[in-house]
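Listed in TrEMBL:
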type: COMPBIAS; residues: B:1-21; note: compositional bias 'Low complexity'
type: REGION; residues: B:1-25; note: region 'Disordered'
type: TRANSMEM; residues: B:36-59; note: transmembrane segment
type: TRANSMEM; residues: B:71-89; note: transmembrane segment
type: TRANSMEM; residues: B:96-114; note: transmembrane segment
type: TRANSMEM; residues: B:120-143; note: transmembrane segment
type: TRANSMEM; residues: B:204-223; note: transmembrane segment
type: TRANSMEM; residues: B:244-267; note: transmembrane segment
type: TRANSMEM; residues: B:287-304; note: transmembrane segment
type: TRANSMEM; residues: B:333-352; note: transmembrane segment
Amino acid sequence: MTTTNGSSPNGTLVKDTAPQDGKPVVELRGAGKSYGNIRALHGVDLSVRPSQVTCVLGDNGAGKSTLIKIISGLHQHTEGEFLVDGEPVRFSTPREALDKGIATVYQDLATVPLMPVWRNFFLGSEMTKGPWPLRRLDIDRMKKTADEELRNMGIVLDDLDQPIGTLSGGQRQCVAIARAVYFGARVLILDEPTAALGVKQSGVVLKYIAAARDRGLGVIFITHNPHHAYMVGDHFSVLRLGTLELSAARSEITLEELTNHMAGGAELAALKHELAQVRGVDVEELPEESDLQVTPAAGGSSASDATR
Amino acid sequence: MTVTQATAPATSPSSPASPAAQRDGRTAQRSLGRRLLARPEVGALIAAVGVYVFFFAAAPAFREASALSTVLYQASVMGIMALPVALLMIGGEFDLSAGVAVTTSALTAAILSFQLSVNVWTGVVVALVVSLAVGAFNGWLLIKTGLPSFLVTLGSFLVLQGANLAVTKIFTSNVASDSISDMDGFDQAKTIFASEFSVGGVNVKITIIYWLVFAAAATWLLLRTKFGNWIFAVGGNKDSARAVGVPVNLTKIALFMGVGAGAWFVGMHLLFSFNTVQSGEGVGNEFLYIIAAVIGGCLLTGGYGSAIGPVIGAFIFGMVSQGIVYANWNPDWFKAFLGVMLLVAALVNLWVRRTATRR
Ligand SMILES: Nc1ncnc2c1ncn2[C@@H]1O[C@H](COP(=O)(O)OP(=O)(O)OP(=O)(O)O)[C@@H](O)[C@H]1O
Ligand SMILES: [Mg+2]
């Protein structure tokens, strides 16, 4: 193990028992998406089951955001199938996904900078009170709820009325995550939620993911960080240039293998060679090409103590 | 003090200024003045007081109650339209057809009632339908084409302007509609849209009351309802709003239809005040509405503003247009004065917003 920054003894937040295979809530079969003549995604299979965390990894531009935008209703797939509860669907707006209990933390956070924090938190799903012609926002309840949810994340804001644009990037990310956790009833999608976060808040986000999973939610967790992914993930999918390069259950892959896969395999070995010629760069810890022969289908963890 | 905390961790619990554990201790409670300044309309209010004092000093006639009533009437006719235009602007769009749409609505009611010899209320209702349809069409076209609203509504502005003149000429062989003052229902409609009453010997037009009631309703809508939340969101960041489930298209179409409703109301007021409509009227007014909204602190790029702001903006407009007359100046100066006001207001707003949102 290269890292043990989790709280439990084995360095992970994964439950002891293997997750039982429920029916997938969300499933993609050979799904793809083209933006005009750019084929951003092609032939991707993915299933999200209750009480499971599906991690999606991949380089920049690999198509991760495109993948989740299909599921969250922001874009429509142009090939393959997208099923919710076994029924083929095609969401035309994110509202439809939200109504099915699918909530998303977008990479760009989807906040409105000039609006107050609490209004952003409840935007699109406002709490109201009173009969129709006089139906109005339940401002006190919304402020109170937003404050509680943010405090649970370890974010204390003195003034929920300040425009969200005045918060730091990480604080904004926390608001977006707290919002999705609050509204996600069945599926929670997080697009690089820890990208701008400090160590403490990253830990909180991982705990949130674990907690959501324990509540029976299906979670899609997109990240560049294999350590984060391995701490909570039950299933790992690696995208590369829009296609699925690896799809493996937790039992089929080790952290080292995942890390190497993520790092770009052979490319990294080549990089190591180049770096070795630059004085002062320590390449000892980088993997050799021989470490990178990962066979995703291989069961067990025989490669877990790969030589270094 | 020479003590600097630059090297201390910002969230350090040892910070003496934050005994309350529940606060992060970095934001001093914003003072009341600071929070007031953060309101979009404060800059306009300061300007309004300034303009009032100025004309109060410069024009003795301006000090009378009847002058105030005239100023308010001027402001109300323009201010009723400035309200939906401001909401639309907060929602991130413009409507350049707003000025001629008023005339279109009035012409529709007048020509239809006269030609078919029906009760004027038929014309009033049809005019409402037409006005709402024009608004809905603007919104629909905007969404379907993805063109900027500036362009889309510039198109409908030209179409309406041309249609106003041409259709009127077809039916009346004239540039104005026929008078409908002796038709069924006219008096009743006039009571509703264009009556006046007396308060302490001063005649007050009913539009002033409507104006203030509509402004209160718009304020409530903006700050206290779901739809108001959506208006700010679609103007502030359309894509984010869509991503979290706000019905962006519906909100925008509704806002354009709101402008249609405003055009209808003002159109009816003009029709029942003057019995007849000049088909070339209204051109250029769309800018006055936008100016009132901007002077009132609405952000030209959307996402920020209030309904009280355009009320103050319209009031400034009324004061300037009448004040120049009361001061016996050449009324040609009006536009120049308005231009200066616009620039000053824009700068004041910019400054106010910067100070208020700076932490
Ligand atoms: N709206 C769009 N129009 C055209 N092409 C797009 C659009 N959105 C994404 N793409 C293209 O699709 C590909 C995948 O983009 P995507 O945003 O899904 O990558 P990603 O895996 O999320 O990357 P990152 O890690 O940087 O977030 C990129 O090549 C990108 O240029
Ligand atoms: Mg992405």
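Numbers run from 1 along the shown chain.
For all residues, glycine too, the Cβ spot is worked out from N, Cα and C.
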Which residues of the chain, 6 or more past the ends of the transmembrane segment (B:120-143), have a CB below 8 A from one of its CBs?
93, 95, 97, 101, 104-106, 108-113, 149, 152-153, 156, 160, 180, 183-186, 188-189, 249, 252-261, 263-264, 267-268
If we call contact 3 or more Cβ pairs under 8 Å (sequence gap 6 or more), are the transmembrane segment (B:333-352) and the transmembrane segment (B:96-114) touching?
no
What same-chain residues lie close to the transmembrane segment (B:36-59): Cβ under 8 Å, and 6 or more beyond its ends?
30, 295-299, 304-306, 308-309, 312-313, 315-316, 319-320, 323, 326-328, 341, 344-345, 348-349, 351-353, 355-357
